[in-house]
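I have placed the structure first, in the form of C-alpha cells, so that the comments after it can refer back to it.
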Amino acid sequence: MNITGIAIKRKIVTYTIFLILIISGISSYFSMEKAEDPGFEIKTATITTLWPGASTAQMDELVSDKIEKIVQDIEELDWIESKNRPGLSTVYVNLVPSLDRPLQDIWDELRRKIGDNAPKDLPKGVIGPLINDEFGDVFGTLITVTGHDYSYKELYDIADEMRDELLKIEHVGKIKIYGKQKEHIFIDFDNAKLSAMNVSPAALARIVQTTNIVAPGGDLLEGEDRFVLETTGDFKSVEDIKNTVIKLPGQEGSIYLKDIATITRGYVEPASYISRYNGEKSVVLALSLKSGKNNILLGQEAEKMMGDFMEKYPIGVNFDFLAYQPGIVSDKINSFVSNLVQAIVTIIAVMVLALGLRTGVIVSTLIPVVACITFLILKSLNMGLDQMSLAGLIIALGMLVDNSIVMSESIMVMMEQGKSRMDACLDSANELRGPLLVASLIIVAAFSPIFLAEESIGEYTAPIGIVVAICLLSSWMIANTLIPLLCHDFLHVEEQEADYSGKWYNMYKGILVKLLKFKKMTALGALGIFMAGIFLFKFIPVKFMPDSDKPIMFSEIRLPVGTAIETTEAVIEDLDNYIQNNLQVPDNEIGVGLFKNIVSGGTAKAYEKPGILSWGAFIGGGAPRYFLPYSPEAPAPEYAYVLYNLTDYKLVPEYAEQVDNYIKSKYPNADIISRPLSSGPTASKDIQYRIRGKNLEDLYTKIEIIKEKLRTVPGAINVSDNWNIKTKKVTVRINQERVKKSGLTNAEVASSLKGILSGIAVTDYREGDDIIPIVFRTESDFRNRIDRLDTTMVYSNDGQTAVPLRQIADIEVAFEPGFIYRWDREYTIIAQSDVRRGYTANTINREMIPWLDEKMDEWGNGYDYILGGEAEQGDKASTAVGEKLPIAGMLVILLLIVQFNSLKKPLIILLTIPLGILGVSAGLLLNRMNFGFMPLIGLISLCGVVINAAIVLIDRIDIEIDKGLTPQEAVITACLARIRPILLTTLTTVCGLVPLWLFGGTLFSPMAVALLFGLIFATMLTLGVIPALYSILFKTDFTDYKD
C-alpha cells in the first residue's frame, strides 16, 4: 500500500503526526532566531597601523606595502586594498567567497603572520598593526546617551554602566561604545620660560616620569611571616602633578611644576572621532545580536532597561534609539503573518466560489501546515527568520497551493464520476504523485543557482532557495497524505458525469480548436509575443537591489582630503541647526485606520507632521555597521556619516534633496550624497571606475580626463576621485654639518619637535580602571603654527644645548597626495560619482564603458580599469548565479525525461517557459519598477508555475491516450479537464500576490509584479500554446477536426 493509502487507513496516526508537527512548528516559530538579515560571514578583516608624524607616502611605502607582502601568502586571499593617509594605514584583507576551512582559522593564521613578521619589517615607532577580524559584525541596535550639561567623561561613565547591565541580556552578543573622547593630562610649557631657567622639556619630562612610579620593593621577613614591601610615589590626583618638585640646574632652590607650566585635564585635540545626536554631543552604545538568539526579545529587554536608566538618572540625561533593528524585524514578521492570513482568506474565498466551502477549506489547510513544518525544519537546521527566509516563504505562497488544488480537484472529479471516496483518493494520488513531485523538484532545481552560487550573494540569498525547497516538498508530502485524508473524511460530492459542455468550456474549446487548426501560426505568434517581451526589457531600468522601504536615510559628507576634523564638525553643527529649524518634527503618532492596520499586519505608522524624527552624526569615520549591507568608512577627519529617522520612507527623496542642496549651497567644496538604505549589497558610490597605472603623476592627469567625461554624462552627479587634491606637506630638512656643530643629533631634533608640536606622553595617571596619559607639549600659541616653526627652540636630551630650528635645518613646503589607495597592490585612483534621481547606474555605464575601452587602448598597456560600484555588485551576483545555471538546466531536463521517458515532451515544456516574459516586462513598465534581483526571483518562480501547469497538462494527455482516445480527442479532453485546476491555481496565486504587490514595499513588490503579471500572460498562452506544440511535435492534425 502506498503512502496515501496508509495515511487514510491509519488516519488517527496521520492526524496525530500532523498535530504534533503543527504544535512543534508553532513552538519553533516563537523560539527560533529572528534577525533582519541571514547569518552571513563578511570575509573581510582590517589591519590598522598608526605612525604619528609619518607622511602619506611613508605610510604607503614603509607600512602598507610591507603588510600587503605578509598577507599575500594567505591561500584564501581574494584581493587586498590599502588606504593610506598621514600617520594611518588601513589594509583590507578580503577572502574568496567559498572557504574550505573555518573562517576563524584563517584569521588566526593572519594574526600569526603579522605577529611573526611585522615587528622586524615595520619601522620603529609604529603603533600596531591592529587586526580587526570582527569587521563584519552587525550592531543593529544603537542607543544614544546625551546630556546637555554633561561632559564626555560623564556620558561615557553612564554608557559604560549601561553596557554592564545590557550584557546580562541573554540575546545580546557584543557591545561597543562609540564617541568616547580620550582624556589626557596636559603639561603646557613656555619655551622662553624654560630657557631662562636652563631647563629643557626633556629634563622636565624625566622629572615627572621618575616621580610617578609604582614598583615592588621586595619582601620583609618577621619570624615565620613574610611581608611584601611596596614603594609608592605615583600621582593620586592632578594636584599631586601640579606640586611636583623641580630642582633647578645650578641653583639651590626648587620650584613646583605648576610654577613653570600649566597643568590641565582635558580631551585630546583634535578629536579623532565624534558622535552627535539631535544636535548634541553623544556617546553611542552599539549592540549586536548573539548567534541563534531573538532580535525582538533583545529589543524588548533593551527597552525595559532603557526605561530603568531613565528613572535612575535625573532630567537632562536622555537615552534614545538611533537604530532599532528589533523593531524592523518585528514589522517584517508581522507583515509576513498578515500576508499569510490574507493568502489563506483569499484562497478560501476563491475555492469556495469555484469548488464549494469544504474544498476551499481543505485546500487552504495546506498553507498553515506547510508554514509550521517549514519553521520546524528551519529551527532544526539552525536557521532563523530574516528578510531572505521570509522572501522564500512569500514566494512559496504563490506555488505551494498548486499541489493541493490539483489533488483535491482530481479527487472531486473522480467522486463525481462515481468512484468511491477511497478509490478516488488513491487513484488521484497514483495519477498525480509522480508529476507533482517532478514539478516540485524542477522548481527546487530552478532555485538551485541562488543557493549554490559561490559569491557572497549566494550565501546571503541561500535561505530563499532552501525555504522554497522545504515548502514545496512539504506541500507535495501533504498533498499525498493530509489532503486525500481530508477529502476522504469531509468532502461530499454528488455523482454526475464529467460535463465539459458549459458556456465557458465551449468558449475555450472553440478557441482551442482554432489554435490547433493553425498550430504553426499559434507557435509563431507565441514566438512573436516572446520577442515583444524581450524588446520591452530595453525600456526597463536595471537596478540590482531596490532601495529599502525603511523610513531611514543617510548622508555621506566628504570635504577635501586634509580637512581638519574641527572643520568637518562645524559643517555637521551647521546641518544640525538647519534640521532643527526646518525639518525636525515631534514624535507624535496618530491612528492609521483599520484597513491599513489589517493589510500591514499592524506595522503601519502615521505622525501628526511629516519630517525627521531624529538623527545622529558620526564625524571622522563611519557609523557602526548597523545593518549588514553597510560597510563603515575608514577613519578620515574630512568624512562624516549622518543617519536620519523619518516619519515615512516616501519622504526620503524630498528630504535627501533638501539636505544635499543646503550643504552644497553653504559648502561648495563638500561632496555630499543623501539617499535611502539599500536592500542588498552596496558600494560607497554607485558609479566607480578603478583606474590603475604605474606613473602616479600621469595617473593624476588621466583621472582628470575621465572625470571631465563623466561630468558630461546625463545622470552623473558629485563627480570626484578618491585621492582628491594634493595636500600641503612641511619637510624639516636637517643640515647634517650644522646639526653636528650644534652638538645635537637627528633623534634629538625629531624628539624635541614632537614634544613641542604634538606633545609626548611621558607617563600615566591612574584613576580607578582608567589610565590617562600625561602629555608634555608647548603652550597653544606655539603649537601648530607654521609661521613660528623656524624660531622654535630645539633642545638636547640633557638640556644643555638649545638652538633655533632654522640654524640647523631648512624648512620646505611641498604638496603630496593626502590619500594613497592601492587595489591588489597596484596604485589605483577611483573615478566615481553618484546617480541623479530618475537615472540608474546602468544607463551611465552604457555610455562610459565603451569610451573607457577606447581610452585604455589609446593610453597603452600601462593602464587598465576595473568596473566598480553598483555594476560590480550586480555583475558578481549575475556571474555567480550564471555559473550554476547549467547545473540547474541539466537537472530540469533530466527530471522531465525521467517523468515522460521522452525527449519531445520535455522540449514542449521547456519551450513554454518563456511565455510569461511579456507579462513580466509589461508589469514592470506599467508599475515603473526596475528589473533586478527580486524580479529575477519572481521570474524563476513564474517558470516553476508554468512548468507545473505544463507537466500536469501533458501528463493528462498521456492518460487520455492510455484510455483509448485518439490523439485529437486526447488533446482536447485533457485541456478541458485541466483548465479548471490550472485557472484556479493561477487565480489563487494572483489573488494571494495582490496584497504583496500593493503593500509589499520596495523589496517584495517588484517580485510580486513579475510573478503576478507574468502568470496571467503565461496561463492564457499555456492553455493554447502547449496543445499546439504537442500537435506539431507529435504530428497530430486538426485540419479536419469537427466537434
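Heads up, residue numbers simply count up from 1 along the chain you see.
Just so you know, glycine gets a Cβ as well, placed from its N, Cα and C.
Automatic prediction, not curation, is the source of TrEMBL annotations.
A quick note: this is a predicted structure, and the numbers were derived from the prediction, not measured.
Now, the feature entries from TrEMBL:
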- 12-32: transmembrane segment (TRANSMEM)
- 336-354: transmembrane segment (TRANSMEM)
- 361-378: transmembrane segment (TRANSMEM)
- 390-413: transmembrane segment (TRANSMEM)
- 434-452: transmembrane segment (TRANSMEM)
- 464-487: transmembrane segment (TRANSMEM)
- 521-540: transmembrane segment (TRANSMEM)
- 885-900: transmembrane segment (TRANSMEM)
- 907-926: transmembrane segment (TRANSMEM)
- 932-954: transmembrane segment (TRANSMEM)
- 982-1004: transmembrane segment (TRANSMEM)
- 1010-1033: transmembrane segment (TRANSMEM)
Tertiary contacts of the transmembrane segment (390-413) (same chain, 6+ residues out, Cβ under 8 Å):
332-333, 336, 339-340, 343, 347, 351, 355, 359, 362-367, 370-371, 374, 424-425, 428-429, 431-432, 436, 439-440, 443, 463-468, 471-472, 474-476, 478-480, 483-484, 487, 491, 493, 498, 934, 937-938, 941, 944-945, 948, 952, 977, 980-981, 984-985, 988-989, 992-993, 996, 1000, 1003-1004, 1007, 1011, 1015
Which sequence positions outside the transmembrane segment (361-378), separated from its termini by at least 6 residues, show Cβ-Cβ distances below 8 Å to it?
18, 21-22, 24-26, 28-29, 32, 340, 343-344, 347-348, 351, 355, 384-385, 389, 393, 396-397, 400-401, 403-405, 408, 467, 470-471, 474-475, 478-479, 482-483, 486-487, 490-491
Okay, the transmembrane segment (521-540) and the transmembrane segment (932-954): do they have at least three CB pairs under 8 Å, pairs separated by 6 or more?
no
Find the member of 336-354, 434-452, 907-926, 1010-1033 that has more C-beta pairs under 8 Å to the transmembrane segment (885-900) than any other listed stretch.
434-452
Per Cβ pairs under 8 Å, the stretch of 907-926, 982-1004, 1010-1033 packing most closely against the transmembrane segment (336-354):
982-1004
Excluding the flanking five residues on each side, which residues at least 6 beyond the ends of the transmembrane segment (521-540) place their CB within less than 8 Å of a CB in that stretch?
515, 914-915, 917-922, 924-925, 929-931, 1017, 1021, 1024-1025, 1028-1029, 1032
Using Cβ atoms only, state whether the transmembrane segment (907-926) and the transmembrane segment (12-32) have three or more pairs under 8 Å that are 6 or more apart in sequence.
no
Give the nonlocal contacts of the transmembrane segment (1010-1033) in its own chain as ranges (CB under 8 Å, at least six residues past its ends).
395, 398, 508, 511-512, 515-516, 519-520, 522-523, 526, 529, 904-905, 907-909, 911-912, 915-920, 922-924, 926, 934-936, 938-939, 941-942, 945-946, 949-950, 953-954, 957, 971, 975, 979, 982-983, 986, 989-990, 993-994, 997
Non-local residues, at least 6 beyond the ends, that sit with Cβ under 8 Å of the transmembrane segment (434-452):
399, 402-403, 406-407, 458, 461-466, 468-469, 472-473, 475-476, 479-480, 881-885, 887-888, 891-892, 895-896, 898-899, 937, 940-941, 943-944, 947-948, 951-952, 955
